[in-house]
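> What Swiss-Prot records for 19-26, 81-85, 136-139 is GTP binding site, and it gives similarity to another entry as the kind of evidence. According to Swiss-Prot, the feature Mg(2+) binding site maps to Thr26, an assignment based on sequence analysis. The annotation domain 'tr-type G' is assigned in Swiss-Prot to 10-210. Look at Swiss-Prot and you will find 19-26 tagged as region 'G1'. The region 'G2' feature in Swiss-Prot is assigned to 60-64; the stated evidence is similarity to another entry. According to Swiss-Prot, the feature region 'G3' maps to 81-84. Annotation comment: Swiss-Prot describes 136-139 as region 'G4'.
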Amino acid sequence: MAKKFFEKTKTHLNIGTIGHVDHGKTTLTAAITSYLSKINNTKAKSYSEIDSAPEEKARGITINTSHIEYETNLRHYAHIDCPGHADYIKNMITGAAQMDGAILVVSATDGPMPQTREHLLLAKQVGVPNIIVFLNKIDMVEDNELLELVELEVRELLDIYEYNGDSTSIIKGSALKALEYIEKNDLNNKWVKNLKNLIEALDKSIPEPKRDINKPFLLSIEDIFSITGRGTVVTGKIERGKVKLNDTVDILGFNLLKTTTVTGIEMFQKILNTAEAGDNVGILLRGIQKNEVRRGMVLAKPLSILTYSKFDAEVYILSSSEGGRKKPFFEGYKPQFYFYTTDVTGTIEFLRNPEKPEMILPGDKVKLRISLMYSIALEKGMRFAIREGGKTIGAGIIIDLIN
């Protein structure tokens, strides 16, 4: 069957669910699509369809970020269901880097947990501009005072990570209960109404993002597929600019640079002639083998961005109370650095100055020189996260690039 063309009639936003493992992110995503499928053309996605990777089903947790589409009366959303499990924060960073806004899911029975904090920190670091909160599983909490305490704790946590706790929309409900009643076609039930309130808050509380469509095209590659007889497809979010059929583009990163031609563009299995900043797309490339491309490379307008392996940065090292290191580190320290969809090991050098420190302590704000194992596409002002041993230990911004 021939694929349909993607018609852009509504504002497109990238949204996502973030939060601690088992707090109900995937169930909420399933409930949203099920509800919207009853009132418009959205395709319902079950929990098992969203949690679709075989390893995920076996463990009952989301590992890769799942991309789902749905429509409200006002907007078209690409929804990214992000992993909450600590082992898979790396994939969450990729998902969060693509979001215009996020739904932070917090279980009312637990309140904020370690990954709740880490997801908020990473959301801030990769530039997620707006957050709304779904306080889930309230059917399991009988004490209203306890609910109020959890809400207060969530608002305080939002303030810590520079999201305005006082003005953030917090919607209380139960994703599982809503899903049960939607499946019974009882859309006037109170649990379904709570879910409807959340969907309305999405439309109202997440502002329409300003897209950089006039800047040179840039897409950070998230995944790569081979299509027999057609070639290689790369997927990811367009960070800025536009791309159209037959455009010439550079693939660069990890010490490689190749030039190729765009021979197809798709979004949610529908064909596009042109795609622009904010779109989550698959791009078919001429004459490129799957093994030549890897996640973390970028597609870009030729010569609009260059690769570097060394840069200076302003960095904040998390304190132990923020989930960071407990001990200081010294020159030569080698953590992982995360940019868009890339993660690369790098070596830290303390910048020479009159009071050059011997060591850097958790909680310090410092300027560092970083040498990466590979050259990757970098720019001034680009933000990154620093991780070691399965946890985020710092966050930074590039202030200078070194040839």
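Every residue gets a Cβ built from N, Cα and C, even glycine.
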> Could you give the residue numbers and ranges of same-chain residues that sit at least 6 residues beyond the region 'G4' (136-139) on either side and whose C-beta is under 8 angstroms from one of its C-beta atoms?
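Residues 23-24, 27-28, 105-109, 147, 172-177, 191 contact the region 'G4' (136-139) from elsewhere in the chain.
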> Can you tell me how far the Cα of Ile138 (GTP binding site) sits from the Cα of the residue listed as 'Mg(2+) binding site', in Å?
17
> Provide, as an integer number of angstrom, the distance between the C-alpha atoms of Thr26 (Mg(2+) binding site) and Gly19 (GTP binding site).
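Rounded to a whole number, the Cα-Cα distance is 10 Å.
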> By a 10 A CB contact count over all chains shown, which of the binding-site residues listed here is most packed: Asp22, Ile138?
Ile138
> If you draw a 10 Å sphere on the Cβ of Gly19 (GTP binding site), how many other Cβ atoms land inside?
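Excluding its own Cβ, the number within 10 Å is 27.
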> Per DSSP, how many helix, strand and coil residues does the region 'G4' (136-139) have?
2 helix, 1 strand, 1 coil
